[in-house]
Amino acid sequence: MSSTGKIKIGINGFGRIGRLVARVALLRDDIELVAVNDPFISTDYMTYMFKYDSVHGQWKKHEVKVKDSNTLLFGEKAVTVFGCRNPEEIPWGETGVEYVVESTGVFTDKEKAAAHIKGGAKKVVITAPSKDAPMFVVGVNEHEYKPDLAIVSNASCTTNCLAPLAKVINDRFGIVEGLMTTVHSITATQKTVDGPSNKDWRGGRGAGFNIIPSSTGAAKAVGKVLPALNGKLTGMAFRVPTPDVSVVDLTVRLEKPASYDEIKAAIKEESEGKLKGILGYTEDDVVSTDFIGDNRSSIFDAKAGIALSDNFVKLVSWYDNEWGYSSRVIDLIVHMASTV
């Protein structure tokens, strides 16, 4: 921690999530952004990309400007900029970075992410699912974090939406089995027009004018953060031509019979209690753009869901897959720091 008591963070990869994690960090008084690494963007271009955002609007908290080729100024706050391609070359230690947000989408396993430790960082939070780093979803299993874990994953935006909802339903009524569909906004890996995508042919089709079926590991990943649900959930995705905000459709068979009103009441109670700020609840006639900038992980839409019987129900929950997720990255870091 810095002399001000703030947690010092660095960001590797200044893409969608990297820039929004920076915004979230700069809006908080318990976090200090001290360094950013991106080999593909100059400092003046970083300033422009940070300041102007087609989805979340212009940054208005303070002026952002270039001090020199290695320093950005956010108001009076200087942030060091590196341009290293290899994580082990980034001198995080020189700037006092304790926690690195690994948001390139490239270094998602423990071995690759560990390179940041060589550069002087103490901990790494991967902003994507990881095949071998332990995954944490704030509000669900972050209490299982142990201080000796140096590299962790914040899971995916969809897992962060699904897991709190699934936890409430499983705790209260028990889930026998379930299927999830996420209707998901476009992301950076998609194509503006039809183009090559060898591993996912459908994913190479134009994002702006297609509904594209896709795979997602989000439902299975819930089994990693909630072992009681391991093997009970799976799912798929539809990529749709919206710039941000996605929605989870969770259809489950319940162990304990419950009316839809009882399910709504349970979710509402949790949203105002232990999961306040993580799980939301609304009975308004909302649509996707109403959730742009919502920092909660999952907002249950009481009017959109429907029950077939007391044991079989469809539940609908919204999430800003960019802003909500980026908010949880910072929350996870704050929780990790509190255990030291």
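Glycine residues also receive a Cβ, built from the backbone N, Cα and C atoms like all the rest.
Together with SER156, CYS157, THR158, THR187, THR216, GLY217, Swiss-Prot lists one candidate of ARG172, ARG202, ARG239 for binding D-glyceraldehyde 3-phosphate, that being ARG239. Swiss-Prot names ARG16, ILE17, ASP38, ASN321 for binding NAD(+). Of ARG28, ARG85, the residue it gives for the same site is ARG85. According to its DSSP assignment, THR216 (D-glyceraldehyde 3-phosphate binding site) is coil. If you compare every pair of Cα atoms in ARG16, ILE17, ASP38, ARG85, ASN321, the residues listed for NAD(+), the longest distance is 27 angstrom. Comparing CYS157 (active site, nucleophile) with ILE17 (NAD(+) binding site), their Cα atoms are 10 Å apart once rounded. Straight-line distance linking the Cα atoms of THR216 (D-glyceraldehyde 3-phosphate binding site) and ARG85 (NAD(+) binding site), rounded to a whole number, equals 28 Å. Within 8 A of the CB centroid of the D-glyceraldehyde 3-phosphate site residues SER156, CYS157, THR158, THR187, THR216, GLY217, ARG239, the other residues of that chain are THR182, HIS184, ALA218, ALA237, SER246, ASN321. Counting only residues at least six positions away in the same chain, the Cβ atoms of CYS157, THR158, CYS161, HIS184, SER185, THR187, ASP244, VAL245, SER246 sit under 8 Å from the Cβ of ASN321 (NAD(+) binding site). Long-range neighbours of GLY217 (D-glyceraldehyde 3-phosphate binding site) (same chain, six or more residues apart, CB within less than 8 Å of its CB): PRO129, SER156.
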